[in-house]
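As recorded in TrEMBL:
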- 10-15, Asp35, Arg40, 91-95, 132-133, Glu166, 273-276, Arg343: NAD(+) binding site (BINDING)
- 162-166, 217-221, Arg257, 264-270, 335-336, Arg439: substrate binding site (BINDING)
- Cys273: active site, nucleophile (ACT_SITE)
- 329-444: domain 'UDP-glucose/GDP-mannose dehydrogenase C-terminal' (DOMAIN)
Amino acid sequence: MEVKNICCIGAGYVGGPTMSVIAQQCPHITVTIVDINAERIAAWNDSDLSRLPVYEPGLAEVVAEARGRNLFFSTDVDGAIAGADMVFISVNTPTKTYGKGKGMAADLKYIELCARQIAAAATSDKIIVEKSTLPVRTAEALKSILHNTGNGVSFHILSNPEFLAEGTAIQDLHRPDRVLIGGENAEAVQALVDIYATWVPRERVLTTNLWSSELSKLTANAFLAQRVSSINAISELCERTGANVDEVARAIGTDSRIGPKFLKASVGFGGSCFQKDILNLVYIARSYGLEEVAHYWEQVISMNDHQKQRFADNIVQTLYNTVSGKKIAFLGWAFKKDTNDTRESAAIYVADALLNEEANIIVYDPKVSAEQVYADLDYLGTRAPKENRRLVSVVDDPYDAAERAHAIAVLTEWDEFRDYDWQRIKDHMMKPAFVFDGRKLLADNRLADLGFTYYAIGE
Ligand code: NAD
Ligand code: UGA
């Protein structure tokens with residue numbers, strides 16, 4: 001089965017970068033990424049590459065190389081499906097906000113809509129690839145929809161979860177630790193293996209059955225998030241005992257069975273997936289009556305909520321038990337560095353807790369717009385949008401954020417924060433000048449030497 005035309009439904013943080021890299025690496029395949037969001041497609045087609053809807057180091061270069069050659073962005077979903085041999089589904093699968101499983105299960109309505117649209121638009125046989133993160137056994141539902149169309153077209157379903165991390169998406173796609181492909185039909189699996197094998201060493205392309213592939217994605221995210229919650233749990237103990245969490249992380253990380261990665265204590269993990277995928281795993285376990293399994297994974301989220309809350313609590317307590325009317329400067333709003341994505345960012349929840357105490361917050365983030373900051377706070381629904389705008393301002397100069405601030409909170413580990421003129425910042429702050437470092441970014445005594453009162457997670 002030779003694939004000449006690929007369609008990807010969903011031009012988001014996953015669909016955009018993954019398909020751009022496939023197009024870059026496989027000039028013999030035409031890749032069309034479609035989305036119902038016309039504004040997003042227009043941004044992907046913008047001649048000014050700094051306006052692509054996703055910020056990722058190296059992405060603009062990949063798009064520049066392939067766009068218009070064999071990479072296309074379009075709103076013509078039906079047309080792209082009809083012309084494709086292989087259709088990737090890369091739409092969002094957020095946590096349900098209504099009905100059964102509300103707040104836990106993945107909302108599969110966008111996935112089902114895609115399946116129905118594929119069924120309606122297809123006039124020839126196709127391989128359908130699940131790229132979105134899905135509950136185990138979703139392929140069964142897809143099969144049921146696709147195999148009952150009565151139009152004589154046959155479909156093979158594959159699971160090919162994506163493991164890229166934002167901020168390093170292009171490097172992760174160019175040199176993945178592994179690519180995972182689950183499927184029942186050997187020819188269809190081989191067709192997708194052949195695409196990746198163009199640039200990924202063959203031994204890194206793993207093939208499994210459908211259900212193992214679907215479940216491995218949720219499991220990988222659960223394990224990764226669990227490491228962050230585990231080191232964050234230890235960070236609190238460090239703060240009480242005089243141990244230093246970075247030293248503990250180094251000491252345990254040199255054990256090759258534990259490994260050094262993903263042991264950075266923080267104000268809490270964010271991002272669109274860790275929480276959503278663990279909630280989904282918990283929901284699935286519970287739906288099979290596996291209460292202990294569900295309860296075990298639930299703790300990873302409880303610990304993360306605790307970490308965000310105690311970071312905010314520490315700010316209030318340290319500032320003499322009141323932040324009402326005080327100016328707190330936030331350095332960073334994105335959920336990690338090198339991305340403009342703010343979904344589930346710890347900053348949102350820390351801000352919300354401080355706003356409940358009537359703090360004034362001034363946000364600076366190198367890649368996040370004021371609009372986005374307000375949208376994130378409004379989405380919580382804790383207070384009226386007008387109140388969020390009264391209490392929060394967003395600036396495009398970090399020194400303006402620090403001006404007459406009672407405290408600075410570091411919420412994202414952007415590299416540039418290290419290089420600021422911290423003496424200048426301190427000179428313009430209220431005294432004592434407090435810094436609460438939720439990323440241990442500045443934990444090298446430098447700030448204490450300059451006369452800041454400095455608190456870092458896990459010290
Ligand atoms: P996203 O919200 O950025 O993008 C999804 C896109 O799908 C949106 O632009 C939306 O308009 C579009 N869409 C929804 N329904 C559609 C339809 N019927 N037809 C056409 N377009 C439609 O989401 P994302 O971050 O790219 O995540 C997509 C999936 O990948 C999720 O399941 C997520 O869990 C998974 N994932 C995400 C990451 C990540 O780093 N963001 C990494 C691995 C896996
Ligand atoms: C994560 C996984 O790393 C990807 O493999 C997966 O594909 C993706 O989720 C997904 O399914 O969406 P991502 O959320 O983009 O990727 O970013 P990570 O680097 O995993 O960071 C997640 C959060 O954990 C961030 O808020 C980060 O600051 C935090 N983190 C990470 C820590 O606090 N400490 C660490 O040691 C590592």
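Glycine is treated like the rest: Cβ placed from N, Cα and C.
Overlay of TrEMBL annotations on the structure.
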residue : record                   : Cβ neighbours (10 Å)
Tyr13   : NAD(+) binding site      : 25
Asp35   : NAD(+) binding site      : 23
Asn92   : NAD(+) binding site      : 18
Thr95   : NAD(+) binding site      : 19
Glu162  : substrate binding site   : 24
Ala165  : substrate binding site   : 15
Asn221  : substrate binding site   : 22
Gly268  : substrate binding site   : 29
Cys273  : active site, nucleophile : 24
Gln275  : NAD(+) binding site      : 21
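Within the set of recorded positions Gly10, Glu162, Gly268, Cys273, Gly10, Glu162, Cys273 have a CB atom less than 6 Å from some atom of ligand 1.
If you take the C-beta of Gly10 (NAD(+) binding site) and look for same-chain residues 6 or more apart in sequence within under 8 angstroms, you find Ile33, Asp35, Phe88, Ile89, Ser90, Val91, Asn92, Lys131, Ser132. In this structure, the binding-site residues under consideration are Leu218, Ala265, and the one with the smallest number of other Cβ atoms within 10 Å of its Cβ is Leu218.
Under a cutoff of 8 A between CB atoms, and with a sequence separation of 6+ in the same chain, the neighbours of Phe335 (substrate binding site) are Glu166, Phe269, Gly270, Gly271, Asp341, Thr342, Arg343, Glu344, Ser345, Ala346, Ala347, Thr412. Cα to Cα, Gln275 (NAD(+) binding site) and Asn221 (substrate binding site) are separated by 9 Å. Residue counts for the domain 'UDP-glucose/GDP-mannose dehydrogenase C-terminal' (329-444) under DSSP (helix as H, G, I; strand as E, B; rest coil) come to 45 helix, 19 strand, 52 coil. Per Cα geometry, Cys273 is the residue among the recorded positions Tyr13, Thr95, Cys273 nearest to Leu218 (substrate binding site). You'll find the Cα of Glu162 (substrate binding site) roughly 11 Å from the Cα of Tyr13 (NAD(+) binding site). This prediction places the mean pLDDT of the domain 'UDP-glucose/GDP-mannose dehydrogenase C-terminal' (329-444) at 97.
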